[in-house]
Amino acid sequence: MVTSFGIQDPEAQSKAGGQEDSKKWRDWWAALLYVIHVIAVGALAVWFGVGAVNDSDDRDASLYNIKHWAPQLAVVIIFAAIFSFLWISLVKYFPVGMIKFALWAGVVANLVLAILVLASRTQNSVVVGIIFFVFAVIQALYAYWVRFRVPFAAALITKAIMVTGQYPACYIVSYAAVIVSVFWIGLWSFGASGAIATMPHAAAIVFGLLVSLYWTMEVIRNVVHVTVAGTVGTFYFQQQNMPRNPTIHALRRATSTSLGSICFGSLIVSILEAIRVMVRGLQGQCNEFVVCCLSCLLGVIESLMQYFNKWAYIQVALYGKTFVKASKDTWTMFKAQGLDVLINDDLTSTVLFIGCIIGGVLSGILGGLWTYFHVTTSDDRMTVSVVVLSFFIGYFITHLTMAVVNSGVACYYVCFAEDPATLRRNDPEFYEVMWTRQALLRG
């Protein structure tokens, strides 16, 4: 019997906790709190924003007219979409070579930075140059140490690209999330500027606005993550009997029965991020060293929590667990798998991140050159603005594509680590590849 969470084998379902009522809302209180928050913040944003609207300053209206920006930014968007497709294709057909390239690209980048800093002969250039050189050495040692693990990571990333490629709705959900994010950021900025102008010294208002923004962004990002993981998990467990539109079913679960679990974990991260921003605002008012250390500590805790949530949400996507139970089971997996899970995730994430950086840089160059040579009214300010904007457009469009693949890789790893027997039954050929390469690592 197939459950709504993609668990077909009764034994695997029992191990995963999938025998719970799949239609029951998990952590419903967090979902209710989030919905109330969105309605309240949206209404307040309109209220404060409209109340604080001022006449716009159009001194540079002719310079920043949309007609001078639209053509090159449209081309940048198209270019970034094509580049992300080409990068994914390269990773798909040359996974081992691309992972090795990404690992050693970090070594080369640190060496180049070390040489440039040392050659500048500015104050502290020797210290900074040595730091970059040490980073290059550490990265080189790491690349050499994990070289035997590359084939295993390559097999996973190839499979994830193949699976997500069969269900392009995963990418559509990711791009739709960007549209929603842009709309919310615009509305939030409109309201936040009005609220701060009306009550500039209300620290509680500022903190609440920051928590709201980060919470919403985390929820949107994790809904995409859970949707992709649900799709890939369904493929893993039901490859021989796939339901129609698995991505739609996964999205429906992510925005209904599992929404509370997503909101719960996202709220914790957003509070940490808001506290860290408020602590940064204390610089110049309190002891600089204490503020710096506290900000760094909060940043580390936040990053660890985000990373942990990434894996916990896979348990939510696959088995419909509450956030607390998913977190406990994720910790159990970490203890059982040891460094393997961390290293595999690092290898696959690195090659995808390098693709995002390259996509952003090339997009920035394209947008900047177009503006410099083809826009008659352009000046240095406009060219720099277009370069920066083009970089972020290229980076985020590429990141959207890579994030889908990254979620698929993480999901496949969890499925294989917890239930290799299902892969052996549904995809014996790929099982042999995975099992052989894993045996080489542990043998």
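The backbone N, Cα and C atoms fix where each Cβ goes, and this holds for glycine too.
Not measured: the values here are computed from a predicted model.
Now, the feature entries from TrEMBL:
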type     : residues : note
TRANSMEM : 28-49    : transmembrane segment
TRANSMEM : 69-89    : transmembrane segment
TRANSMEM : 101-120  : transmembrane segment
TRANSMEM : 126-146  : transmembrane segment
TRANSMEM : 167-188  : transmembrane segment
TRANSMEM : 194-215  : transmembrane segment
TRANSMEM : 222-238  : transmembrane segment
TRANSMEM : 258-277  : transmembrane segment
TRANSMEM : 289-308  : transmembrane segment
TRANSMEM : 351-372  : transmembrane segment
TRANSMEM : 384-405  : transmembrane segment
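Contact counts against the transmembrane segment (167-188), taken as Cβ pairs under 8 Å, peak for 222-238 among the stretches 69-89, 126-146, 222-238, 351-372. For the transmembrane segment (384-405), the partner stretch with the most Cβ pairs below 8 Å, chosen from 28-49, 101-120, 222-238, 351-372, is 351-372. By the Cβ criterion (distance under 8 Å, sequence gap of 6 or more), the transmembrane segment (69-89) is not counted as touching the transmembrane segment (258-277), fewer than 3 such pairs being found.
Long-range contacts of the transmembrane segment (28-49) within the same chain: residues 187-188, 190-195, 198, 209, 212, 215-216, 219, 259-261, 263-264, 267, 323, each at least 6 residues beyond the stretch ends and with a Cβ under 8 Å from a Cβ of the stretch.
When each of 101-120, 126-146, 222-238, 258-277, 289-308 is scored by its Cβ pairs under 8 Å to the transmembrane segment (351-372), the top-ranked stretch turns out to be 101-120. The recorded stretches the transmembrane segment (126-146) and the transmembrane segment (222-238) do not share 3+ CB pairs below 8 A when only pairs 6 or more apart in sequence are counted, and are therefore not in contact.
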